[in-house]
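Pulled from Swiss-Prot:
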type     : residues  : note
ACT_SITE : D201      : active site, proton donor
ACT_SITE : H223      : active site
DISULFID : C30-C45   : disulfide bond
DISULFID : C203-C219 : disulfide bond
DISULFID : C329-C334 : disulfide bond
DISULFID : C353-C362 : disulfide bond
CARBOHYD : N240      : N-linked glycosylation site
REPEAT   : 156-186   : repeat 'PbH1 1'
REPEAT   : 238-259   : repeat 'PbH1 2'
REPEAT   : 267-289   : repeat 'PbH1 3'
REPEAT   : 301-322   : repeat 'PbH1 4'
SIGNAL   : 1-21      : signal peptide
Amino acid sequence: MHSFASLLAYGLAASATLASASPIEARGSCTFKTAAAAKAGKAGCSTITLDNIEVPAGTTLDLTGLTSGTKVIFEGTTTFDYEEWAGPLISMSGKDITVTGASGHLINCDGARWWDGKGTSGKKKPKFFYAHGLDSSSITGLNIKNTPLMAFSVQADDITLTDITINNADGDTLGGHNTDAFDVGNSVGVNIIKPWVHNQDDCLAINSGENIWFTSGTCIGGHGLSIGSVGGRSNNVVKNVTIEHSTVSNSENAVRIKTVSGATGSVSEITYSNIVMSGISDYGVVIQQDYEDGKPTGKPTNGVTITDVKLESVTGTVDSKATDIYLLCGSGSCSDWTWDDVKVTGGKKSTACKNYPSVASC
């Protein structure tokens, strides 16, 4: 039998353990059925379940400032009432956050209500998800349908997005435009693993950042796997990017690097590896340094350097009216490239390529 003294000692030890517990251990699991309740109660929860939430018009599902270690689960169908505004529909920040989707869940943006074929012009359309300051965190297994405009805006360090499905296929016939899947900027350490995307703009667009890995992606119907446009922003450096083991089909481009005319910056340590393309309407591989006001001018400048670029096992076919490969560099600004097993066929050969390293073919 335990003595009173030993029981007292045990109780004091337990109290000390509780007193020293981290905040997340003291918090509980919460289920929210409204966006307002989630915003008001998020700080007191170690696990947040978002249960069939209908987000009011013009309102962000605000999960910013989450306590470190919080788990977020999307359950049922998440919907958003209609208003013409900039968004985002969802915003999340914090450290060591784990975001998942429960079995059978759907985040249905019903973007057709906004689509008018004009993208960032025309009706004001909300962006979908801001992962700004969502550091050392993960987003896994989300099923997303019909974003009004861009899907994920990533500005975070050490973030991993895995098994994300973005199905904007309806936008092909209903006026979806500028529905980028993953826009990455001002980030260090971004991993995007096994995404499935059907959209009407870039599957991946990296405007700035370092240590970025995109692997095992399926990209359908958009503008391909892009770096840029680089230049003209507060951060104009893209470094150490690997894009690999992915397919790009029925898209405008497959592999693309573009920089802004007259700007400064750098693109370096870039690898595209094991990329398979089909049904490409514009360019299989395009690297150009002539963008101005969002459009190519045909007049490249050399203020943004593109160095240490490796293309290996980049293969597939483009449409007969498309161009296999187009390389337009400024004087001396493209260097130290490696090309190995780059085989793009089916389209035209460009006669306008300029200033590209001799190891490449155009």
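Even glycines carry a Cβ here, placed using N, Cα and C.
A map of Swiss-Prot features onto the structure.
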{"residue": "C30", "record": "disulfide bond", "Cβ contacts under 8 Å, 6 or more apart": "G41, K42, G44, C45, T47, I48, T49"}
{"residue": "C203", "record": "disulfide bond", "Cβ contacts under 8 Å, 6 or more apart": "D180, A181, F182, P195, V197, G217, C219, G222, H223, G224, L225, S226, V248, S251"}
{"residue": "N240", "record": "N-linked glycosylation site", "Cβ contacts under 8 Å, 6 or more apart": "E210, N211, I212, S268, E269"}
{"residue": "C329", "record": "disulfide bond", "Cβ contacts under 8 Å, 6 or more apart": "I287, Q288, Q289, P300, N302, I306, K354, N355, Y356"}
{"residue": "C334", "record": "disulfide bond", "Cβ contacts under 8 Å, 6 or more apart": "I287, Q289, T305, I306, T307, V309, L327, N355, Y356, P357"}
{"residue": "C353", "record": "disulfide bond", "Cβ contacts under 8 Å, 6 or more apart": "I325, Y326, L327, L328, C362"}
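The repeat 'PbH1 4' (301-322) and the repeat 'PbH1 2' (238-259) are in contact, since at least 3 Cβ pairs between them lie under 8 Å (pairs 6 or more apart in sequence). Taking a C-beta cut-off of under 8 angstroms and a sequence separation of 6 or more, D201 (active site, proton donor) has the following same-chain neighbours: G119, M150, H177, N178, T179, D180, A181, G222, H223.
When the neighbouring Cβ atoms lying within 10 Å are counted for each of the recorded positions (C45, C219, H223, C362), the highest count belongs to C219. If one looks beyond the repeat 'PbH1 3' (267-289) by at least 6 residues along the same chain, the residues whose Cβ comes under 8 Å of a Cβ in the stretch are 224-225, 227-228, 230, 238-259, 261, 296, 300-302, 304-319, 321-330, 333-334, 342, 344, 347, 356. Assigned with DSSP, the residues of the repeat 'PbH1 3' (267-289) fall into helix, strand and coil as follows: 0 helix, 21 strand, 2 coil. On the 0 to 100 pLDDT scale, the repeat 'PbH1 2' (238-259) averages 99 in this prediction.
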